[in-house]
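Structure first, then comments.
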């Protein structure tokens, strides 16, 4: 059956007893015409009899269906029908064909790479634009910092917009403007214009920070997401490598033109191809369509998405989107510590984008194109980390016990390894970056840094998602804001620090900074359950029977008080329900109270199409 077709279905036999008691009906006719309403079609909504658990027709409630699903409720203003996905519902993104989801994920990944590519490929033009624009080295580097500063502010706006109007709307109003500001960068001929274009390009391009991860969460169940998000990590070395040779062969301005061409290409492709994947938006549209059709037929029944049963106003959503990330940042130990750690690591990455031209072009005398190749060591580390990322599943599966939630700490072993690799790579780089040491040693030193960078962020993000579930979107926004602020600040002092202190001492200070943060993953692996129990937003991990037997009455009372302090939120009330711990795991079963009428009739849908 085509998803875009409208099919007439005839029911030529009395309904058998329903396995799910679903309320009474006012009609007892044995023959009713149904019209399917799949995406792209707007058929009338039929009325059909429903039977109670004894197979007898009921008398005080009507059932209305879209396609072959019925929804709980009475259709009144006080008790509207609650629209949810049905069993094996093809409009549910979790039930889309797996190959199709992988193609969409690749498109999302390529699109998400565009803003980071624009931010870091600029580093290859820093030296070339100095005489053209007549600016200082620090002011030239500010082009990176302002882009990242804009990136830090954007998610606070785009996340609430995405939650109110959907993923596609947030992308459609932001990314075309991002492409235009990249065009403005390519056409700029003075310092002020260049820097202003860079800031607003970062601001409007940052919608992918919230959209991309959310879209992956919309389509992939919780246990499938790590591999699906791995493509997002490749931008830090693609930009400088490509930008270096483009600057050398074609001139710096062509780097900006490539940024614009890339942005406009993925904008057109995404708008044309990518469907809406945000479950609340899909269900709201479905409910609105059902209500409209019902009104046209004179039935005037009320349908709402299940997420709107206790609907938040737009003002409340925006307030939560702007305020909650900062509340979590300053009141939650897990979020605050990991935000600082991630910000320092991210700042070091962008410090490299500013100081690599100094180290390899000025000190070692490389060309602009050769200077871009210095990032290949880091790139190899990122690719290797992606290849080895499935190793994290070993600890995750080892910690999984049937019938019990897997502890979030099982996400941290790779981050613990990365916490050791990162300072090793930085110390190695610090003392091999200057002549007479051969250049290959400093390039090789970037491999453990690339490995550590990816594994730290993968471990942190997965740990935050598993720990905060329904509040993960706000927690991740807190991490994104702080790391972008550090990413904007570090390049501003990078060149001065390396010039004044020397490559060895400056590099050692950076390595010591990373070393100071190294114990964090180990501490959270050990004390994470206790910190989550004390958290207001992170749900506590249930005890095993052995653990419960060892608890004292005082500990039991303390845990009860901890639970009373926690914020209570249902999945339907959350800003981002796709981050629930069981998101997508039971998509085939459908929402609670949604019935498949064809199964009740005892015949497959295809046999009833005429």
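Each Cβ is built from the backbone N, Cα and C atoms, and glycine gets one as well.
Just so it is clear, the model here is predicted, and its values are computed rather than measured.
Annotated compositional bias 'Polar residues' per TrEMBL: 1-11 (among others), in sequence order.
The compositional bias 'Low complexity' annotation in TrEMBL covers 23-37.
The annotation compositional bias 'Polar residues' is assigned in TrEMBL to 50-61 (among others).
The annotation compositional bias 'Basic and acidic residues' is assigned in TrEMBL to 562-573.
TrEMBL lists 104-529 with the feature domain 'Major facilitator superfamily (MFS) profile'.
Sequence annotations record features per position, and here TrEMBL assigns region 'Disordered' to 1-61 (among others).
Feature annotation from TrEMBL assigns region 'Disordered' to 536-610 (among others).
Under the heading transmembrane segment, TrEMBL lists 100-119 (among others). Beyond the transmembrane segment (100-119), the same-chain residues lying 6 or more positions past its ends with a Cβ under 8 Å from any Cβ of the stretch are 93, 144, 147-148, 151, 175, 178, 182, 201-202, 205-206, 208, 211-212, 215-216, 219-220, 228-229, 231-232, 234-236, 238-239, 259, 262-263, 266, 269-270, 273-275, 277.
Per TrEMBL, transmembrane segment is recorded for 139-157 (among others).
Here the transmembrane segment (169-189) has long-range neighbours at 111, 114-115, 118, 154, 158, 161-162, 197-198, 200-201, 204-208, 210-211, 253, 256-257, 259-260, 263-264, 266-267, 270-271, 274, meaning same-chain residues at least 6 beyond its ends whose C-beta is under 8 angstroms from one of its own. Annotation source TrEMBL lists transmembrane segment at 169-189 (among others).
Positions annotated as transmembrane segment by TrEMBL: 195-214 (among others).
What TrEMBL lists as transmembrane segment is 226-242 (among others).
Taken from TrEMBL, the feature transmembrane segment applies to 254-275 (among others). Beyond its flanks by at least six residues, the transmembrane segment (254-275) meets 104, 107-108, 110-111, 114, 117-118, 121-122, 124-125, 168, 171-172, 175-176, 178-179, 182-183, 185-186, 205, 215, 242-243, 246-247 of its own chain at Cβ-Cβ distances under 8 Å.
The transmembrane segment feature in TrEMBL is assigned to 333-360 (among others).
Long-range neighbours of the transmembrane segment (372-391) within the same chain, counting only residues 6 or more positions beyond its ends whose Cβ lies under 8 Å from a Cβ of the stretch, are 124, 226-227, 230, 233-234, 236-238, 240-245, 352, 356, 359-360, 366, 414, 425, 439, 442-455, 458. Annotation source TrEMBL lists transmembrane segment at 372-391 (among others).
Nonlocal intrachain contacts for the transmembrane segment (412-431), taken as residues 6+ away from its ends with a CB within less than 8 angstroms of a stretch CB, comprise 345, 348, 381, 389, 391-392, 395, 437, 441-442, 444-456, 458-460, 463, 503-504, 506-508, 510-512, 514-515, 517-522, 524-525, 528. Annotation source TrEMBL lists transmembrane segment at 412-431 (among others).
A contact links the transmembrane segment (195-214) to the transmembrane segment (470-495), because at least 3 Cβ pairs that are 6 or more residues apart lie under 8 A. Where the transmembrane segment (139-157) meets the stretches 333-360, 470-495, 501-525, the count of C-beta pairs under 8 angstroms peaks at 470-495. The stretch in closest packing with the transmembrane segment (470-495), judged by the count of Cβ pairs under 8 Å and taken from 333-360, 437-458, 501-525, is 333-360. Mean pLDDT across the domain 'Major facilitator superfamily (MFS) profile' (104-529) comes to 88 in this model.
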